[in-house]
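Taken from TrEMBL as is:
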type     : residues : note
COMPBIAS : 643-654  : compositional bias 'Polar residues'
COMPBIAS : 663-673  : compositional bias 'Basic and acidic residues'
COMPBIAS : 689-704  : compositional bias 'Polar residues'
COMPBIAS : 735-754  : compositional bias 'Low complexity'
DOMAIN   : 8-100    : domain 'Ig-like'
DOMAIN   : 105-192  : domain 'Ig-like'
DOMAIN   : 204-287  : domain 'Ig-like'
DOMAIN   : 295-382  : domain 'Ig-like'
DOMAIN   : 392-486  : domain 'Fibronectin type-III'
DOMAIN   : 487-583  : domain 'Fibronectin type-III'
REGION   : 643-754  : region 'Disordered'
Amino acid sequence: DFGRSSELAFVVEPSDDIAVQEQPLILYCQVEGIQPITITWRKNGVMIVDSENAFMLANGSLYVSRFQRVRADGSSDEGEYDCMAQNHYGLLVSRKAKIQAATMSDFHIHPQNAVVEEGGVARFQCQIHGLPEPVILWHKNSMPVNTDNERYTLLPKGVLQITGLRAEDSGIFHCVATNIANVKFSREARLTVSGSHSTVYKDPMILVGPENLTLTVHQTAVLECIATGNPRPIVSWSRLDGRPIGVEGIQVLGTGNLMISDLTVQHSGIYVCAANKPGTRVRRTAQGSLVVQAPAEFVQHPQSISRPVGTTAIFTCVAQGEPPPQITWLRNGQILETSDHIKLKNNNSTLSIYGINQADEAIYQCLAENSAGSTQASARLTVLWADGLPSPPQSVRAETVSATTIQVSWEKPLQNTKEIIGYVLHIRKAADPVEMEYQEAVSKSTFQQLVTDLEPSTSYSFYIKAYTSRGASKASEVTVVSTLGEVPAMPSLFIKVINSTTVQATWEPSIKLGQHEGFKLYYRKVHLSQYTGPVLLASNITAYNITHLDASVVYEVKLLAYNQHGDGNSTVRFVSLRETVERTVLNPPCDCMKDEQNNKTSTTGIIIGIHIGVTCIIFCILFLMFGYRGRLLMCKNVQEQLSTPQIPRSQRSATGLVLNGATRRDRDDRDLNGKQLDMNELERLFPASPSQEQQEKGITSAHSLSAPHDETQISTLPLDEFSITEEQPDPLPKNPHASSPAAPAPNHGSANEG
């Protein structure tokens, strides 16, 4: 046995209750600690004396034989009860239990007559107060309403909703309220369903919206919302702050009432009911607030401590709740008064006692209370004093059991052991100041204690004191031991396929990793037993690409975190790249870089093309300009050649000459006409010299004279300008001035090239 705590503490405390008139009531109170322990009861701060009506049982509970809200003498059994426990070390006071009588008032809201058209919505309401909250049921024509009919919705607060009204819904309705105190009936109300279902359009309208509610955690909230309209509107819910309502514990009653079960503080907020016309943005809204309260509870309890006379004792008590609780300190059951050497700090969460003396030895209690409930925690201050006390405990040893547990053992003192009533084990982190020390009390027959809820990889110091009714012994030798280290937690691992041969492993680092720790990554084909790895990664790395994989097989990827205490548990994922390969074949991915380069190339090509086009146009213009000038110069050369003496046709050989496939006559006629035009143009552009004019006259006269004699004037041209072919002479045309081209003669002779 590791022993159990001998501190005075409550095992069971009285709780709030609702009592029935003339019925018995039991309030429970159970205490543990070093005996003897005395238990007493108070009501509204006044001590209860045993009587025929109220007395204490052997187990410490209070029994009220006949609970009465008001007695003949004007007193009442209603009130706030608390239990007090006292032993040699001090006095404890339990939390206050609020006791109320079960009651039921008369109905203050009765159902009202209603006339509603067929297809509409009817709503009846009853309201009554009582303790406990009355259960309200509805009757139609003196028979309980059929709750299996989905068109009938009964809300806990006494509301009956009927949707999609039909003629058979007509009748007389009333409600019945029941609790442990009484049963009551409301007045009756008649429902009349009139006419047939109307097809006239009606805007959506909310008949009743949610009301403001204040409830306690774990209760159930029902937010009512009933709407009408034609067509029938759709009811939806949201929070005004935009946060999601969630799905756990959420249920819709009827056509739009919101029920939230097992309330938490996070459910507090403003809820908005919206009635929407189907297929449009037309909507009506109503809103109500929900406040969820939480009873006070401790985040940090005060710890019992032992201090020598003249030192400082510090108690810390931290509580939470909604609304935030108020903290009050008690000393042996009485409200603690602050003074020069007793201070309260941090909204009363820290109690400091400076320069302690024997009068300060007591049980100190922290009471945390808000509108939802109260709770208490206690700690004992032991002031070290007196002579002739036991010698220090011997052979104190501490052994590490786990990362959060150490077992401390010792032997009893060598002297003055008869008066020992228990031992106190003093515990402190080796790095913390002395005021952060806390204690655990152990019975006198126990010589070992299991200390739990410690931090991993942390050094703790321990020493023991033996206590008598007159005081404590000196401290034993201090022993220091460290808890075992804790390996890191499993990291969260995610696998992303990059391409047909690469996957990316990403993870979230463990908050328990130390400064010199990291990760180990393994991977393998699932049909193989050997892993590739480990790949050692630093603690600040959260991603790694695994490349050169085979797309045809499935891979197993394993990741674990490690530190100086060893490897943590691994996270395993499986991944296949086959689907990626198939998608790549069927739908090749876009090569954005290539497309971008192509776009750049296309743009460059367009620019180069524009430059080339402009250059070509410029060259064409220059070509035309220089070509035109060359043409003029050529015409001048022809004029000079035409001024040379001409050979009569009669002196020429009978053999005809064919120039480029045309007869000489035809060619000469065309040349003379062209020369005439060229000369006119030349004359216009460049005034002719006198010699040229004479030559022109000679040409004209020669031309005019040669016509009657059927002679053609032939200019002298360089031989390399022509390809001459000797042919058989052709008969001349009858008309010497004919200009139609002659067909080339068949080539019967050999060609002579000049």
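The backbone N, Cα and C atoms fix where each Cβ goes, glycine too.
Nobody curates TrEMBL annotations by hand; they come from automatic prediction.
Just so it is clear, the model here is predicted, and its values are computed rather than measured.
Residue counts for the domain 'Ig-like' (8-100) under DSSP, split into helix (H, G, I), strand (E, B) and coil, are 0 helix, 44 strand, 49 coil. Take the domain 'Ig-like' (295-382) and the stretches 105-192, 204-287, 392-486, 487-583: counting Cβ pairs under 8 Å, 392-486 has the most. Across the domain 'Fibronectin type-III' (392-486), DSSP classifies residues as 3 helix, 49 strand, 43 coil. On the 0 to 100 pLDDT scale, the domain 'Fibronectin type-III' (392-486) averages 87 in the predicted structure.
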